[in-house]
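> The compositional bias 'Polar residues' annotation in TrEMBL covers 228-240, 258-268. Residues or ranges marked as compositional bias 'Basic and acidic residues' by TrEMBL: 244-257. As annotated by TrEMBL, domain 'Phosphatidic acid phosphatase type 2/haloperoxidase' applies to 71-177. The region 'Disordered' feature in TrEMBL is assigned to 228-268. Marked as transmembrane segment by TrEMBL: 40-62, 69-90, 110-128, 135-152, 164-187.
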Amino acid sequence: MALRRSSPSGDIESQPEKEDFFAVGQVTVRLPLDWRPLPLLALLLSFIPWGLPLLLLVDALLQKRVSSAFILTAVIVTSLLSEFILKPLIGEPRPSTSACRTDDGKLLPGMPSGHVMICQSLLTFYMLEAVRHHLLSAVIVSLLLMPAMPWARWYNGDHSAKQVALTFIMATVIGLIDYVAFLLFFVDSWASETEKVLLAEVASLPSPSGGRWQPVAVLDCRPSSLPQHCGSSRSHSAVSSIEADPHTRTHTDKPTTRAETCTLSTKL
């Protein structure tokens, strides 16, 4: 990677001994480093998108979280679309303050901003997920974080204000599309699989009488359904009546023979 600085005439020329700025991962780093709060914050924020895919991968593998695997795939697809299709097609160069250039000093395309595209689509996805689960604090945090990356990319001189603003809008729409696709194709199927696993585990439990657990009513006890189905353990609408069976082991509410089996809440 060739390091470059601005010449007095305004042209960019190679300087192997003394450098003013260079690019790392499409992030302009200026030497000497500016240790003031805002320039340093903009520089550090600009490197965050490079670590997000790794965090999503670790979370998907360790926690078996479907949403992390889905959004990781969406981030990869969005990045490829931005870098190899949209940027060459639009062909709008970065501002002259950016060190993201070709070997001959030509500014690389900067529309749309890949950093803003990744962060804003992620924040939109997780904000909508927080809305679905009624997590007001998470919604507020997501909204407060949204302007951070566009500001950082503009303040660091790697994109113009127009580029980050338009990318912000595009990424918001992409995040919305990603979330709708996630709800349509993954949420219901994953919940069904979780219920199947739970029922299989319950059915395999031993019984003192030699029989097995036989769940007689399966209720949806995910967070969105708790108020409706699991608000009261004695609700007549949330239980199923059964006849006493010596070979059936169920949890009953005395003195009535009512059973209630709730599925585990899905981890999304």
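Note: Cβ is positioned from N, Cα and C throughout, glycine not excepted.
Quick caveat, the model's predicted, so the values are computed rather than measured.
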> Take the transmembrane segment (164-187) and find every residue of the same chain, 6 or more past its ends, with a Cβ under 8 Å from one of its Cβ atoms.
66-67, 70-71, 74, 78, 111-113, 116-125, 128-129, 146, 150-151, 153-154, 266, 268
> Averaged over the domain 'Phosphatidic acid phosphatase type 2/haloperoxidase' (71-177), what pLDDT does the prediction give?
96
> Counting by DSSP secondary structure, give me helix, strand and coil numbers for the domain 'Phosphatidic acid phosphatase type 2/haloperoxidase' (71-177).
74 helix, 4 strand, 29 coil
> Go through the chain and flag residues at least 6 beyond the ends of the transmembrane segment (110-128) whose CB is under 8 A from any CB in it; none is fine as an answer.
26, 46, 48-49, 52, 71, 74-75, 78-79, 82-83, 86-87, 90, 92-95, 98, 100, 138-139, 142-143, 145-146, 148-150, 152-153, 158-160, 163-164, 166-168, 170-172, 174-176, 178-179, 182
